[in-house]
Ligand SMILES: NC(=O)c1ccc[n+]([C@@H]2O[C@H](COP(=O)([O-])OP(=O)(O)OC[C@H]3O[C@@H](n4cnc5c(N)ncnc54)[C@H](O)[C@@H]3O)[C@@H](O)[C@H]2O)c1
Ligand SMILES: O=C(O)C[C@H](O)C(=O)O
């Protein structure tokens, strides 16, 4: 069987990390695309030279030509600009919307059968715009955020309860902004609801609220610490798990920005929900029961995403 082809659009911090992970896991041959000349070629050469040491068989190439992503099975998009300290993700909307237009056309013209994972921020608006510009079926275009946000939530819970992260199943719904909804009621420590574990361990409700708040602001915390750029190791790892679910037809239920047609009372938007990823891309959305408070919080997050889509339509009339 021929090797799969993974195209990475954007060869910056996340793009380079994605290339390394995809090659190390022998997911397929990797093409790193960027508009910066020489940079994707340089990273590809450097990463190729990990092969003999790590013992992976994967061809890694760098390019500035969209023709080289032809026939890709999976495309992961990180092209664009990250925020700087003091900025919100939404401040990137204007600049990254133009990038999504170019990328969407590149995908449409070269690999219209690919499964496309968007990472560029502001995520929920960019994945929607990328889908519009590319014209691919909605089930083949998805946004990565929920896996990352849930991993942050899980990390903080594991630290608090002094337990292995392997036993924590934490869950975040909604848009990838400060209004995201970490859902404690569906988060468990090896099946034990977090609220029960908190009682056992003497962790107060206000401490759990602090963990929820830290999760919501998890991206900004890293942006502030790095001083230049944003998180890239965990974002890349998150997107790779989604790509593996697709390539391996794993039917994993992963929180991701999926196109909704009525689920959670939402129509025509991309919002973070539990979605099934298998060989057909997004094969379904799981609708879970939420408390009134969780529903209200989700609505606030959905409204924030809606506002961003309106802003996109105002900036690019082809989206209106
Ligand atoms: N969804 C998430 O959870 C999440 C997590 C982390 C970062 N992000 C976002 O991912 C994006 C990338 O982050 P990064 O750290 O890799 O940034 P980066 O600056 O290191 O890399 C971005 C790359 O995109 C390239 N680029 C710009 N315009 C392009 C175009 N038109 N075509 C192709 N390439 C182009 C740049 O040359 C650069 O190499 C940012 O928007 C960031 O906010 C999202
Ligand atoms: O916070 C950012 O700007 C990057 C990303 O969305 C993240 O959550 O790490």
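First residue shown is number 1, and so on along the chain.
Positions of Cβ are set from backbone N, Cα and C atoms, glycine also.
For the NAD(+) site, TrEMBL lists 10, 11, 12, 13, 14, 15, 34, 119, 120, 121; matching the candidates 96, 109, 110, 139 against that entry yields 96. Counting residues per DSSP class in helix, strand and coil order gives 67 helix, 25 strand, 47 coil for the domain 'Lactate/malate dehydrogenase N-terminal' (5-143).
Proximity of the binding-site residues 14, 83, 89, 121 to ligand 2, judged by a Cβ distance under 6 angstroms to any of its atoms, singles out 83, 89, 121 in sequence order. Here the Cα atom of residue 10 (NAD(+) binding site) is found 15 Å from that of residue 83 (substrate binding site). Other Cβ atoms within 10 Å of the Cβ of residue 152 (substrate binding site), summed over all protein chains shown, number 25.
Max Cα-Cα distance over the annotated substrate binders (83, 89, 121, 152) is 19 Å.
Checking the binding-site residues 12, 34, 119, 121, 152 against ligand 1 with a 6 Å cutoff on the Cβ atom leaves 12, 34, 119, 121, in sequence order.
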